[in-house]
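Okay, here's the structure, questions in a sec.
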Amino acid sequence: MLSSIDRMELPRWYDENKMVLMVVTPHTVFLYWELAFSQWKAVAGHQLIVRLFALAPEQPTEQPRLVTSAALPVGTENWYFNDLPADSQYQADMGWEQDGVFYSLLKSNSVRVPPAEPLGVAREAQWQSMKLGHLPGNIAATTSKPDITVNEILNQMSFYMGIHNTTS
Amino acid sequence: MHIGYLAIVLHGHLPYIHHPEAPEMLEERWLFEALTECYLPLLDVFESMQKDKVPYRLTISLSPTLITMLTDPILQERYVRHLEKSIELAVLEQERLQNAPQYQSLSVYYLKKLTELKKQYERYNGNLINPFKQLQQQGCLELITTCATHGFLPLMNCRSSWRAQIQTALELYASHFDHPPAGMWLPECAYAPGLDELLREYQVSYFFVDSHGIYNSRPTSIFGTFAPVCTPAGVAAFGRDPESSRQVWDRHSGYPGDPIYREFYRDIGYDLPLDYIGPYLPGNNIRVDTGLKYHRITGSDPDKQPYRPDLAKKRAAEHARDFIQQRYEQLKKAGRQMHRQPLVLAPYDAELFGHWWFEGPDWLNFLCREAADSDSLRMVTPAEYLKAYPNNQVVELPMCSWGAGGYNQFWLNPSTDWIYKHLHHAEEKMTDLADGHRNAQELEIRCLNQAARELLLAQSSDWPFIIHSGTAVEYAKQRFTNHIGRFNALASMVDTGNIQIDLLEEIEARSKFLPDIDYHVFSSCDMVGRPSTARASYRILMLSWEYPPQTVGGLARHVHDLSCSLAALGDEVHVITCPVSSRGSYSLYRGVHVHRIRPELLTSDDFINWVGQMNNGMAEMAGNLVDVFGPFDLVHAHDWLVVEASKLICGQMKLPLVATIHATEYGRNHGLYTDLQKHIHSLEQELTKQATLLIGCSRYMCQEIARLFNQPIDKIAVIPNGVDPKNILPDREKSLSRSGRGKNILFLGRLVPEKGVQVLIEALPAIIQKAGPVKLYIAGKGPYQQELAEQAKSLGVAAQVHFVGFVNDEDRNKLLDQCDVAVIPSLYEPFGIVALEAMAAGLPVVVSDTGGLRDVIEHGIDGYCVPPGDAAMLAHYTTELLNNPELAQHFTRRAKRNVAVKFNWRQIASDTLKVYAKAIAISALN
């Protein structure tokens with residue numbers, strides 16, 4: 001007879017909020033999720049929607065661009081997003097919509113899908129012994145002197161992170 | 001003269017099949033068949049070449065699971081039994097085939113082969129590692145290894161899993177071969193950016209990727225697959241040559257499909273009646289391969305001709321000659337465009353040779369001999385080629401694998417996607433267990449070590465591979481499920497402290513794999529040490545205008561924590577800073593030397609003069625320190641106040657300069673409006689120019705630095721700020737259900753418009769409407785307070801808003817304890833340390849989706865991110881957390897973990913050391 005450790009079973013869920021985006025190919029990503037029981041209660045029967053965004057990590061001030069969204073059939077636990085542009089960064093989120101406002105429940109990690117083809121444009125090659133390359137030289141900037149006292153300046157120094165002030 | 005090189009790599013791997021609980025297991029035959037058809041014949045080929053003094057060169061990767069099974073006494077014994085059974089069957093076949101001479105000669109052929117194999121196996125005492133080791137010592141084989149259980153690295157969720165897969169494999173390899181391997185075979189040649197850093201850390205010199213990994217690199221690789229490339233971390237990646245692959249791999253046009261060669265799919269295990277063959281099949285009735293195959297491929301017709309070993313051998317010799325000739329043509333062509341001798345790298349699954357392609361070992365034998373006689377090309381190992389050509393093009397490799405489709409789809413698709421949720425959960429759980437049980441006791445240690453083994457075994461790429469291939473699906477599913485199930489059972493025993501020793505022992509007995517594993521390998525930060533690029537110790541000069549006990553901003557604490565962590569990693573850190581009345585000019589605390597300039601140097605009332613005096617004092621002191629302590633390796637400056645001293649010191653002493661820009665004047669003020677702001681900006685500009693390398697605390701900050709000061713982005717490293725959870729007390733989780741009082745919201749920060757308190761006050765009426773009575777505590781002060789108070793009044797919430805003023809650490813901790821949610825509604829935030837502090841204290845957080853806060857919070861996982869300035873959304877999410885304490889508790893648990901893993905100082909110090917090493921290397925070049 002088989003011992004119990006040879007016929008183990010997988011847990012149905014882990015009671016956690018989790019949403020993971022994974023790279024399948026340069027054009028496909030896979031998303032799976034789980035909502036904690038308390039999160040399900042908060043969802044309260046709303047129609048859930050998943051959305052996929054393209055990020056521009058080189059320009060963090062730029063808003064993520066909505067690529068696609070899908071209303072989820074009840075019981076769905078994962079989703080494949082196909083036919084995506086390669087060599088891009090993606091992130092997904094899930095939520096519901098009410099009166100034209102989207103309430104996002106949770107966001108996934110972001111992933112970078114690899115390029116599907118060679119760069120095409122030749123760039124200057126770097127070699128291992130020179131891999132750190134040459135950085136721009138040091139040119140001193142000229143500066144003007146504002147008229148301000150030490151005390152004035154020190155009083156404005158609490159800009160860093162706020163509240164750890166023990167001297168003022 | 002030869003014109004190029006050929007490197008053949010054979011990768012040997014089988015999943016860990018070890019079933020002491022059953023007398024016989026169908027899947028054990030995978031190993032037995034591989035031994036009979038592949039590993040023993042290959043060793044025979046190698047030894048014959050050794051005997052004939054053929055100077056061949058081959059690279060063999062042996063997976064840790066295969067090494068373990070090859071040295072396992074139970075399997076060794078079972079293999080001998082299996083071999084004896086095969087011999088018995090071959091004898092029986094001779095009788096059966098008396099009247100069919102063409103086939104009978106084949107049964108004689110098999111009998112002879114099997115008998116010789118048995119002798120060979122006995123000569124090795126059943127342990128194939130010894131002959132492999134000997135051949136490596138003789139210099140013809142380069143033996144490498146792959147990840148512990150052949151885990152598919154790009155689909156893992158935790159870096160600690162990468163570490164565990166790599167480190168335990170290297171340890172197992174070293175225990176068998178007495179030294180570390182030169183290179184590593186990434187399972188399924190699957191690469192993900194960042195893996196190179198870890199390989200470099202473990203001093204692995206090279207790995208392999210498929211052709212498109214090289215072709216699609218950034219920038220484009222000049223030599224294609226004809227030379228290795230160098231990853232940014234400094235590890236060599238060799239690309240698979242597509243032509244030589246096709247010739248061997250391709251089902252139709254490849255050599256193994258030749259009509260003369262043996263047909264794999266005709267085996268007497270399937271062809272003969274059960275009452276005859278039954279005793280040689282598992283369970284007497286399961287049809288499997290016996291290895292006795294009497295036909296050649298012949299053609300696509302089901303009608304097959306008898307196999308002729310002599311003809312097949314002749315064809316293998318022809319194919320070997322053809323292969324060498326084609327490589328010669330290829331190398332000749334490639335060499336015309338290269339300023340070095342090109343390399344053809346041909347990696348194959350070892351089991352192709354002998355198992356799938358019966359004549360493969362013969363072909364390899366002929367090929368090596370042919371190459372040895374050839375003047376045109378030479379066989380090498382990757383390490384030899386790297387020694388000859390150490391300078392390689394630096395490129396970034398994309399994610400890739402050698403599986404069908406070239407990426408992850410063979411392991412992640414609708415038939416296998418369900419496994420990742422369980423794997424990822426177990427990965428995180430294992431890391432949590434390792435972090436939370438640093439000093440476990442005896443039984444706990446055994447439980448944790450076994451949990452680590454079970455997780456590694458569950459990660460084996462074989463399970464999804466088998467499931468997707470559609471053979472032995474049930475076995476793979478059950479194995480995966482058993483490993484996850486056992487892992488969960490062990491984790492739960494550790495969690496509850498209720499360790500059932502019988503259960504533990506039963507699980508241990510199943511997997512003798514990695515006997516020396518130490519579960520700490522999965523911990524998130526224990527393993528963080530000095531990066532491999534850094535020297536054993538640096539003497540570092542830190543310049544910061546403030547240092548504890550003087551703390552105006554967060555800078556002092558940051559420099560303090562960083563310095564202490566660097567000292568803990570072995571560096572000699574000297575901080576030069578301003579004087580404070582309570583401290584002398586020198587102190588040594590937690591390994592950090594703190595030097596304070598003399599107060600009498602700072603006499604000026606004029607700010608510029610005062611800063612000048614401070615900088616001169618710092619420079620002067622640096623000179624004195626060199627006389628006492630010796631020369632520095634590097635200067636690390638924090639913010640613009642110390643730019644002059646940095647310039648002077650680095651100029652005089654010719655030292656590299658690393659500068660951390662904690663915030664910018666432009667960002668703080670959304671522009672430059674006053675002379676002071678412009679002046680500070682110009683000094684920041686100066687600092688960024690002077691610095692060899694820069695550090696910013698978030699991706700956002702790095703972009704800002706690059707943009708404002710026109711600096712190349714690759715000059716700036718992102719290293720987050722850290723928080724030491726020990727300083728943040730108390731632990732709120734213990735005091736969670738505090739009924740009978742209203743709900744409290746906390747804001748911590750300066751009262752300036754950029755911190756966005758006005759948005760929070762604007763949201764307050766809606767919060768009260770949905771969550772009932774709440775109080776908002778505003779800790780901090782600033783010029784905006786009056787306006788905020790008026791805003792609260794006009795919105796009718798003045799009674800709910802409490803301005804607490806500045807708070808010290810103790811008062812802050814009290815507030816963190818009293819409140820139910822922390823809101824950080826900033827409009828501008830380079831980093832957002834306050835969010836980390838709240839998270840570390842176990843308080844749920846709602847933050848603005850802006851700046852560095854984006855890098856800190858995972859929305860819906862450990863907190864909420866709200867569009868900056870959106871009061872309605874801020875109200876919605878704050879209410880969600882106030883009204884749903886269970887969900888809030890999920891978030892806080894997760895948040896505490898994330899803070900400990902992502903923002904711990906040891907990691908930050910280690911990352912900073914990488915920047916130091918790079919800066920020193922750059923400065924040495926200039």
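Just so you know, glycine gets a Cβ as well, placed from its N, Cα and C.
As annotated in TrEMBL:
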- B:Glu188: active site, nucleophile (ACT_SITE)
- B:Asp349: active site, proton donor (ACT_SITE)
- B:Arg240, B:Gly257, B:Trp402, B:Asp462: substrate binding site (BINDING)
- B:7-398: domain 'Glycoside hydrolase family 57 N-terminal' (DOMAIN)
- B:422-522: domain '1,4-alpha-glucan branching enzyme C-terminal' (DOMAIN)
- B:552-726: domain 'Glycosyltransferase subfamily 4-like N-terminal' (DOMAIN)
- B:738-897: domain 'Glycosyl transferase family 1' (DOMAIN)
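Help me picture where these features are in the structure shown.
Applying an 8 A CB threshold to same-chain residues 6+ apart, the list for B:Glu188 (active site, nucleophile) reads B:His150, B:Phe152, B:Ser401, B:Trp402, B:Gly403, B:Phe410, B:Trp411, B:Ser461.
DSSP classifies B:Asp349 (active site, proton donor) as strand under the three-state reduction. Around B:Asp349 (active site, proton donor), a 10 Å sphere centred on its CB holds 16 further CB atoms from the protein chains shown.
According to its DSSP assignment, B:Gly257 (substrate binding site) is helical. There are 12 other CB atoms within 10 A of the CB of B:Gly257 (substrate binding site), with all protein chains counted.
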Would you measure the largest Cα separation among B:Arg240, B:Gly257, B:Trp402, B:Asp462 for the substrate site and round it to whole Å?
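26 Å is the greatest Cα spacing among the residues binding substrate.
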Relative to the Cβ position of B:Asp462 (substrate binding site), how many further Cβ atoms are located within 10 Å?
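Looking across every protein chain shown, the total is 27.
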Any idea what DSSP makes of B:Glu188 (active site, nucleophile), helix, strand or coil?
helix
Under a three-state reading of DSSP, tell me whether B:Arg240 (substrate binding site) is helix, strand or coil.
coil
What counts of helix, strand and coil residues does DSSP assign across the domain '1,4-alpha-glucan branching enzyme C-terminal' (B:422-522)?
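For the domain '1,4-alpha-glucan branching enzyme C-terminal' (B:422-522), the helix, strand and coil counts are 78 helix, 1 strand, 22 coil.
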I'd like the Cβ neighbour count for B:Arg240 (substrate binding site), meaning other Cβ atoms within 10 Å of its Cβ, all protein chains included.
22
If you count Cβ atoms within 10 Å of the Cβ of B:Trp402 (substrate binding site), leaving out that atom itself, what do you get?
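Around B:Trp402 (substrate binding site), other Cβ atoms within 10 Å: 22.
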